[in-house]
Amino acid sequence: PHTGRLALYLLGLQATCPPVSPHRSLVTWLKYYLEKDWRGSQERGHPVTSYYQYGLGVLALCVHRKRVRDQVVQRLLTAQHHGRLGHGGNTVDTEAVLALAFTCLQQRKLVGTELAAKLRLAAHEASRNMTKAQGPDGVIGNIYSTPWALQVFLATGACQTEPAFGQAMAALLENLEAFGTAATMAQALPVLHGHSYLDIASRHCGEEPDTLTPLDMEPLPEVPGNKTVQLVVECPLPWCYDLRLYDRLVPVPAAASLLDVLQAAAALDPREFRFHSQDTPQGPFLTQVLGLEARQEKRNYWQILSASDTPLQMGIAEYRPPDGATITLRLSEW
């Protein structure tokens, strides 16, 4: 599995209070993947995966009380200091993950005194950046980045003094319907209970009750009627033959998600519109449109925009565009 997915799995496994430690070999594998990523970053100037995944890996190792080489930590500090974490203009989730990893290493005394002081300053700088990234609606970055930012406020203690914390928490409570997958719920639930992922390392598991029970999910209510969505595909990159590659009205049922709209457009004329998506823990992720593939090694991605070039705040399977909406799929660089 990718570094980030294995890191999240290990964090979740540790949070379940396992009676023994059967996942020791998985921690070793994570260290192997991080080392492989480290060697790749020396050649490329950035991690082979991403700073987000690498930060998750460091955080998971720290929660399991495993040291990370000082050179690796220093490289992450340098990337944050020089603003190299970006993806599509939103660096909140990446910087938040690094801030949690820095805070964990410093609090668990897994680094020396001098480096610990640098990590403390970097974590508080990240907390200030979270505040600067907050919009008038209280959202920090986007709705899925907001729980990460809230975890930083909790981990650094800024939640007690930072007004942005209360505003972001209110925004999270207003948008809980956006968190419909296990991975997104896992980011929001600790925050709703006043915790961050750092608290996994200090849990007392001696008398942990077995409270895991199946959740009976109610189906979404049926919405009668139909709607029409304007679907646009743009490629402003120099090597594209045209800016606007597709522009068509797509009729769909009233309850259709954006994923349903894409499937309907492909069904209308497979020669005119085609797309591919990849299943991730956060839900389907758009990877290819009209034969143009978004690839991490090329540092590009399919940006999804609603009205007035506003980046979409939800996944393609969760977002239900209103009747008459215009959705733009734009191949962008980061």
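Glycine is no exception: its Cβ is also placed from the backbone N, Cα and C atoms.
Annotation source TrEMBL lists cyanocob(III)alamin binding site at T49, S50, Y51, Y52, Q53, D93, N142, Q187, L312, W334. The Cβ of Y51 (cyanocob(III)alamin binding site) lies under 8 Å from the Cβ of L76, A79, R84, L85, T94, L98, each of which sits 6+ residues away along the same chain.
Per TrEMBL, disulfide bond is recorded for C62-C104.
According to TrEMBL, the feature domain 'Transcobalamin-like C-terminal' maps to 256-332.
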A correct count of other C-beta atoms within 10 Å of the C-beta of N142 (cyanocob(III)alamin binding site) gives 18
Here the binding-site residues are T49, Q53, N142, and the Cα closest to that of C104 (disulfide bond) is found at Q53
If you rank the binding-site residues T49, Q53 by how many other Cβ atoms lie within 10 Å of their Cβ, the lowest count goes to T49
For the domain 'Transcobalamin-like C-terminal' (256-332), the DSSP residue counts stand at 17 helix, 31 strand, 29 coil
Restricted to the domain 'Transcobalamin-like C-terminal' (256-332), the mean pLDDT of the model is 86
